[in-house]
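Record features, source TrEMBL:
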| type | residues | note |
| --- | --- | --- |
| TRANSMEM | 238-262 | transmembrane segment |
| REGION | 291-337 | region 'Disordered' |
| COMPBIAS | 328-337 | compositional bias 'Acidic residues' |
| TRANSMEM | 375-395 | transmembrane segment |
| TRANSMEM | 429-447 | transmembrane segment |
| TRANSMEM | 475-496 | transmembrane segment |
| TRANSMEM | 502-521 | transmembrane segment |
| TRANSMEM | 533-552 | transmembrane segment |
| TRANSMEM | 558-580 | transmembrane segment |
| TRANSMEM | 620-639 | transmembrane segment |
| TRANSMEM | 645-666 | transmembrane segment |
| TRANSMEM | 678-698 | transmembrane segment |
| TRANSMEM | 729-748 | transmembrane segment |
Amino acid sequence: QVDAVRVYVNSSSENLQYPVLFVVRQQKGVLSWQVPLIFRGLYQRTYNYQEVSRTLCPSEPTSETGPSDQIIFVDVSSMAPFNIAYELLVTRLENFQLETNKAFNFTASPSQPQYFLYKFPQDVDSVIIKVVSDAVYPCSVVSVQDIVCPVYDLDHNVEFNGVYQSMTKQAAITVQRKDFPGEQFFVVFVIKPEDYACGGSVPSSIHGNVNRTWNLQRMKNLQVTIVPSIKKSVYVQAMFFSFLSFLSFYLGSVVVAFVHYISTDTKLTVPFGSVSIAGSGIMTSSHPITASTPEGSSYGAIDESGSSGGHQLSSPERGPPAGSDTDSSVEEESDFDTMPEIESDKNVIRTKVFLYLSDLSRKDRRIVSKKYKIYFWNIITIAVFYALPVIQLVITYQTVVNVTGNQDICYYNFLCAHPLGVLSAFNNILSNVGHMLLGFLFLLIVLRRDILHRRAMEMKDVYTLDYGIPKHFGLFYAMGIALMMEGVLSACYHVCPNYSNFQFDTSFMYMIAGLCMLKLYQTRHPDINASAYSAYASFAVVICLAVLGVVFGKNDMWFWVIFSMIHVLASLALSTQIYYMGRFKIDGPDSDLGIFRRAAMVLYTDCIQQCSRPMYMDRMVLLIVGNLVNWSFAIFGLVYRPRDFASYILGIFICNLLLYLAFYIIMKLRSSEKLLPIPLFCIVATAVVWAAALYFFFQTLSSWEETPAESREKNRPCILLGFFDDHDIWHFLSAAALFFSFLVLLTLDDDLDAVRRDKIPVF
């Protein structure tokens, strides 16, 4: 048992010119202070304490000398020309050494700090120091220091040694045996003279009760409990659980592919029946293929006598032979359409009241495919240039935390932060493995479909060109890369989550939502979808707005006014482009007055003459609802100015995506199209998993929008395997939900593979 001595002094004098000086001399150190003891705060404010109590550095008897008495000298002096009364009391501490799994209650104040000793038991390699208090204020600091004298236990020097964190009602520090060669450490508790560091009020000026004596007015009751942390076997179990959970998706995909293969092999023996290509999304119709069908049949519509109003003339353009689907250096993307001018004027075709897929899939298939492959190559370039400085930055953050011991830099859930190596919260990083594994699996699924599609084209199957949704996989590849990068960057963010790197966790979420909307629109508008350059430029603008919103959005009304205006105008501009299929142009033949003339003409013809029924009713309904939703977001932001601006923008993206997906499915069913079992299963799985994921997402465990001490009030213990917290489960479920969402987009229109494009409506 280690003996410790505590010295209590008190003086009735409040004269700062002639303080009483106390010097305590021990065998291995000297400790001194004055009474009144002065603490300094913001604006050079001073706080005076006449009662001071300090614990002397303990002496532990060695095996050579055995127990012995401690000799302590206490020198009391003052330069005052008059007598000063003081009180001195020396006591032996009965409960200086903390025990494992046993709560200990005590009281501390700025002038009466406390510290205690803890020794690791033989079978414990890591412990968690849990400190709680019923009162939020006064603000306090919990520090873990090595057995070195003197102990830094005052507000101005507690940060000089060891690991520390500020505290209001709750704090937790994980300590590992390997970090302390002596297998013991001090737990130090310091009360700060002001509360601004913990989110309390900030002194307005230097004026006020400068010489006020505080004494016992900032006492705080604390309870400390030291519990063993998890064992190494739990780390192994958690890693196995993480990888096996998502590798089961690979097994499921193999089973589905095998079932498709067996089903396809059976169907090939049926004469004149429909032939499916497993997993490729390609199904040829039971129509016989005659020798009169040209090999290089058009990528556009096929003329069919006796067809209904949806019948369109075939494009005179002839695509290349099916087997020549190669990326030639000559075939560069161009702003010029590759359609012949005869009977194919875009302005005529795209402004018809009833549009069919053949009207918007008339461009050369190779050119369009190359256009969408740019999405894939661009996102790889973006990912490399984005990820490398991010990784370098978070490594620097983690190094600073480890070197300085300042645990206020990173906003972890300290009650469930399991270190590994140099990483302070390995569990938050490990839980992102799902995004990377499922993103790679989605890339494999898309690659398989792409290969089977190419094989079908090499067989010179005309139906692969003229039936079903055009097969362009560039956006799907980009979505898979984006899902993997979301896992990488989310893991980087959770190395040290804080105010400075929040955008790492959300940037690719914006891109995923945007790419999903673009893919959904591309499905039935392959010729007029946005280019990769404009799409990624738009994402860059959104990320810039997100950063500006976090910096300026808390208190600056001018930012919300400008952002709301940009939001509303962007919604109107995008709605105009969607409504007119990209053919709306504001231009004039002569001067700038032509702009207004053109705008007035469009408003007159489309709003006044046909106000009873818009020309494109379905599109109008979608755009009206979409604009109402976006305007509601803009008004909500302007009125309430939410503090979490990054999540606010992400909510805008997700709501627009869900709205468009719901509209697409409703219009699909309204057009008498079917939902096959696989997309139907994926839709149900997406809804269920997203609902569960969002439940855990809203279980806020920390918040970098508050002070570190306030954030720690939200910390909670682990809930899965004793290793993962609510946010880790959000990572697991959101990865699965995104994967199922991607599969919905990949398989949603597989039922149309045997339908002619001039029979597939556009909406």
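Keep in mind that glycine also has a Cβ here, set from the backbone N, Cα and C atoms.
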At a C-beta cut-off of under 8 Å, are there same-chain residues at least 6 beyond the transmembrane segment (502-521) that contact it? List them, or none.
375, 379, 386, 390, 394, 475-476, 478-479, 482-483, 485-486, 489-490, 492-494, 529-530, 535-536, 538-539, 542-543, 546-547, 550, 578, 646-647, 649-650, 653-654, 656-657, 660-661, 664, 704, 738, 741-742, 745
Could you tell me whether the transmembrane segment (475-496) and the transmembrane segment (375-395) are in contact, taking contact to mean 3+ Cβ pairs under 8 Å with a sequence separation of 6 or more?
yes
Between the stretches 238-262, 429-447, 558-580, 729-748, which wins on the count of C-beta pairs under 8 angstroms to the transmembrane segment (475-496)?
429-447
Can you find at least 3 Cβ pairs under 8 Å between the transmembrane segment (429-447) and the transmembrane segment (729-748), where each pair is 6 or more residues apart in sequence?
yes
With contact taken as 3 or more Cβ pairs under 8 angstroms (pairs 6 or more apart in sequence), are the transmembrane segment (729-748) and the transmembrane segment (238-262) in contact?
yes
May I ask for the residues of the chain that lie six or more residues beyond the transmembrane segment (558-580) and have a Cβ under 8 Å from a Cβ within it?
350-351, 521, 545, 548-549, 552, 616, 619-620, 623, 626-627, 630-631, 633-635, 637-638, 641, 652
